[in-house]
Amino acid sequence: MHYCKYHPLDGATYFCEQCNVHQCDHCVDDAQLPARCFVCGHHLVSLGSGNQAEPFWRRLPEAFKYPLNASSMSLIVITSIASVMAMLMPFLWILALALYLFAAGALLKYSFTCLERTAMGEMKAPDVMDAYQGGISLLLQLVVITIILGLAVGVAAHFLGPAIGGLLGFIAVISFPAILIRFAQTENMLEAMNPFAALSLIGAIGLPYGLLMAFILIMMTSVGLLHEWIGQLFPAVSYVLQSMVSSYYTLVAFHLMGYMLFQYQDQLGYSARIDEDEELPKREAADRLAAQIQVLLKEGDYERVVTLYYQAFKQYPNDARFFDQFFELLYVCKKTALMADFGTSYLHFLNRKKRLDKLTPGFKQIRVIAPDFLPDSPALRLQLASLLKQQGDSALAVKLLNAMHKQYPDYAELPQAYYLLSDILGQMPAMQAQADKCRQMAQQLEKVAERKKLEAAMAQAEPAIPAAVKAPGRRPPPTVTKSGLQLELVPMEPVATNEKAE
Ligand SMILES: [Zn+2]
Ligand SMILES: [Zn+2]
């Protein structure tokens with residue numbers, strides 16, 4: 001059994017000949033069939049799910065639950081009562097025989113259907129109504145098969161001596177489940193009795209086949225024991241009970257035989273897929289992308305991982321796992337440049353998802369990896385600064401707001417930003433003068449903003465005038481304060497006058 005390279009505990013269902021790697025269903029690109037390799041893009045070899053099927057003895061609890069459903073149980077009860085009734089009316093022997101054949105035939109047909117469906121990967125018992133036709137003819141054929149086998153052994157013992165007869169009898173008993181399996185699969189007596197087919201089936205399954213036989217034997221013995229215990233006291237009850245238990249065991253045994261076919265489908269030359277939840281919903285494109293990222297990550301192909309993450313951010317801007325995983329990855333791997341690039345998107349994402357409690361911790365984490373990082377968005381800066389002010393982290397808040405009017409001269413809430421900066425500076429020791437300057441600037445900015453609004457209103461009334469080319473403002477040397485903060489406070493008059501002159 002092969003295991004998925006990326007999930008060492010899961011059985012593989014695919015193989016990439018190009019990469020020489022085994023994959024599970026999760027780790028392949030199944031957007032179109034046949035599935036492709038996430039790493040190299042080549043078509044994959046499907047292993048079928050027999051490869052990942054657990055051996056039947058580990059499935060015994062499930063196997064015993066297999067007939068426990070209303071449909072199968074009602075069939076078991078009805079056929080048991082019918083066959084016991086048939087035994088109790090010897091006076092109408094034709095009717096009794098018909099009843100008995102009907103009951104046994106129905107159960108046999110249903111058992112065969114169970115085997116067939118299980119072999120195709122259906123792990124739930126089929127509906128009884130799916131399997132009510134042709135039971136009696138199947139039963140008769142099975143009787144014929146048994147008689148032919150018995151005759152063959154008898155003839156061999158008579159003509160070739162008891163030793164060879166005994167050996168043949170032994171082989172016949174051993175092959176009987178294989179013959180049953182073949183018969184259930186083909187519903188053809190001759191094909192079922194082909195000794196080579198039966199032997200090759202046994203050979204393909206190997207030792208577990210012996211275990212299955214032992215298991216069937218134990219179940220048969222337990223029916224006999226049950227009869228011994230209860231039979232002497234209540235014969236009629238015992239017959240019904242015995243018949244019910246043996247029918248139940250029959251269904252379990254046929255399910256197990258079918259499971260064995262399913263498990264060894266590769267060796268037996270066919271391919272089936274398990275569908276325990278009826279039809280699995282097709283994987284979402286986002287899930288597939290996430291799976292591909294995980295595979296490439298485990299392959300160490302970081303360049304493609306980054307490309308795929310950026311693709312995911314564009315396609316699924318609200319899918320938290322991509323943002324959180326990429327953030328985590330950059331943080332753990334200490335990727336400074338990528339973190340500086342991704343930081344703003346991540347903070348925007350947190351905002352979008354209303355995870356406001358994560359905003360400042362996230363911001364600080366980003367700065368651990370990219371120490372100079374400041375979000376490239378004035379609104380985010382203002383929001384972070386006011387949160388940091390509440391948390392008492394004035395230094396970082398000042399860094400966020402400092403010189404914002406130069407970087408974002410068109411930001412509508414510049415005055416608010418500078419009022420906030422002035423408040424923060426006012427709370428810091430020996431920064432009163434700076435705080436006052438900031439307040440003045442906020443007031444100037446407010447005036448400018450009002451004037452701009454007025455101009456915009458006028459421009460709407462008249463045809464648009466080409467926008468003024470702004471003269472670069474003179475830049476006084478940055479003021480270094482006692483606390484080590486750099487403040488860049490630029491008077492706004494020159495810019496304003498220029499605009500007016502136009
Ligand atoms: Zn996998
Ligand atoms: Zn490949």
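Backbone N, Cα and C atoms are what each Cβ position is placed from, and that goes for glycine too.
Curation plays no part in TrEMBL annotations; they are all automatic predictions.
The feature transmembrane segment is assigned by TrEMBL to 66-85 (among others).
According to TrEMBL, the feature transmembrane segment maps to 91-110 (among others).
Residues 101-102, 104-110, 112-113, 164-166, 168-169, 172, 176, 179, 183, 187, 189, 192-193 of the same chain lie 6+ residues outside the transmembrane segment (131-157) yet bring a C-beta within less than 8 angstroms of a C-beta in it. What TrEMBL lists as transmembrane segment is 131-157 (among others).
The feature transmembrane segment is assigned by TrEMBL to 163-184 (among others). Here the transmembrane segment (163-184) has Cβ contacts under 8 Å with residues 111-112, 115-116, 141-142, 145, 149-150, 152-154, 156-157, 191-195, 197-199, 201-202, 209, 212-213, 216, 254, 257-258, 260-261 of the same chain, all six or more residues outside its ends.
As annotated by TrEMBL, transmembrane segment applies to 196-219 (among others). Remote same-chain residues near the transmembrane segment (196-219) are listed as 55-57, 174-175, 177-179, 181-182, 249, 252-253, 256-257, 260, 263-264, 267-268 (criterion: CB distance under 8 Å, separation of at least six residues from the stretch ends).
The feature transmembrane segment is assigned by TrEMBL to 239-262 (among others).
Marked as coiled coil by TrEMBL: 431-462.
The feature region 'Disordered' is assigned by TrEMBL to 467-486.
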